[in-house]
Amino acid sequence: MENSRGKNIGITIFIVLLLTPIYWLLNMSFKTNQEILGGLTLWPENFTLHNYEVIFTDPSWYNGYINSMIYVSMNVVITLLVALPAAYAFSRYKFLGDKHLFFWLLSNRMAPPAVFLLPFFQLYSSIGLFDTHIAVALAHCLFNVPLAVWILEGFMSGVPREYDEMAYIDGYSFPKFFVKIFLPMIRSGIGVTAFFAFMFSWVELLLARTLTSVDAQPIAAIMTRTVGASGIDWGVLAAAGSLTIIPGLLVIWFVRNHVAKGFALGRV
Amino acid sequence: MDKIPNNRAWWLVLPVFILVAFSALVPLMTVVNYSVQDIFGPGQAYFVGTEWFREVLTNERLQESLIRQFVFSGAVLLIQIPLGIAVALMMPKTGIKASLCLILLAIPLLIPWNVVGTIWQIFGRGDIGLFGWGLNELGFDYNYTGDTGDAWFTVLLMDVWHWTPLVALLCYSGLRAIPEAFYQAAEIDRASKWAVFRYIQLPRLKNVLIIAVLLRFMDSFMIYTEPFVLTGGGPGSSTTFLSQTLTTMAIGQFDLGRAAAFSLIYFLIVLLVSWLFFTAITHADKKQ
């Protein structure tokens, strides 16, 4: 019993330390700029929603959130649609060049985005996709699709092949088997994959900023605007930052029961 | 399980192949193309062969940022992996408390990277940040924008804050997969806590640890946004890592040939290290 109390204290301390910087951001977002710069206060003394008001009443601010949500959703859908059949192929069949293909896919997850920055810009400009949501969604597929294939392959390998064979004997066609029987069995794997695709697309900034200018600009790029002629508008910056945490919280709430398994990419 | 040889499986992989080839091969070819040319402007490019490669390999600024990058990635792994294991061991096993821990731990992972930079930029400031103010009050002369050591400390701390939860969650899921019978057997044998960790938990964590090391190496090696927002690479160039050197070169100075040659070398390093890890993983998978 003594020991478990020690563990509880340890984990509590870690989580408190983890949350302190976030609390500080939240704390600042409810303060006026005078209070922020006037001196250190541990909680907002003149509680104000002004900073959030600025964001929610200015389309150029809140459109950033909408843009980010649009390309992230597109990316998750595209990633799942192409990764599901591919992961099935990798988990069930041996085919020409499968191992090399798998490593090549993974190697793209390892490519530093900085390497591809300029070519991406030129590629998407030349096909007229610059500053569109789909451009960012496609660019993010570069690292999300390989990861998705990797995670899904792990989950699919856990389903015995007898299920596939049984379904064929029962007269199911492949598409029908795949959608009606197979996908429900790896539900949690799909949820976890969607979570990861969401997460990496949501947090990425470098590519998203390079491929957009006005119409599809992500919130992360708009945040740099708070640096004005009169210095940094700390309050609004903090409010904008705080708001970017909410979508992630919602998503993790939905997959909380599968997170542990998913973080090991189905490989424990 | 045994896989069936079937080349028609290519049809299932084809969409992924086309999509990733489109976003990977075309840009890669562009980079290769740049790396052998000297480009002054549209239509004014001259073939220079391997000159950029030779120059990049002897370029002092690049070598410095490469060394800095390896030191950073090494430090990240050395701190985060043991800390992550420790946190995973401390986490409650079941119930609402476990779910709560999972969600709270995952929060830093879901914050956009530039916001992570912003959070620490604010948090570390001496005048308006709790952390910087606290350190100064305690008598430390802490200023991450002016002092190299402080800047490194802050960037490292930020990365530990940001990514240790990932390692912890990975290890946690590895620990959950250990059958209870193992622990009961250890209890009967009166195994010490250390023995349980060393001979039961650690070997079982091997697979997830390889994944953790791989992910942390790759991502820390590509780090750009967080230190860029936090320190802007300074003071001087003391926290300028590879990606930032590269981006400054390609976009800031429009030095395309050199940047492209450098990109290729950068990519090759990552590829080589990742290949080593990948072989280790598939090897471990086979053994099971």
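Cβ atoms here come from the backbone N, Cα and C positions, even for glycine.
Straight from TrEMBL, the features:
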- B:12-32: transmembrane segment (TRANSMEM)
- B:66-277: domain 'ABC transmembrane type-1' (DOMAIN)
- B:70-90: transmembrane segment (TRANSMEM)
- B:102-123: transmembrane segment (TRANSMEM)
- B:151-172: transmembrane segment (TRANSMEM)
- B:208-225: transmembrane segment (TRANSMEM)
- B:259-281: transmembrane segment (TRANSMEM)
Contact between the transmembrane segment (B:259-281) and the transmembrane segment (B:70-90) (3 or more Cβ pairs under 8 Å, separation 6+): no
For the transmembrane segment (B:12-32), sequence-distant contacts whose Cβ falls under 8 Å of one of its Cβ atoms, 6 or more beyond its ends: 260, 263-264
For the transmembrane segment (B:70-90), distant same-chain residues with Cβ under 8 A (at least six beyond the ends): 105, 155-156, 159-160, 163-172, 174-175, 197, 201, 205, 209, 212-213, 216-217, 220-221, 223, 241
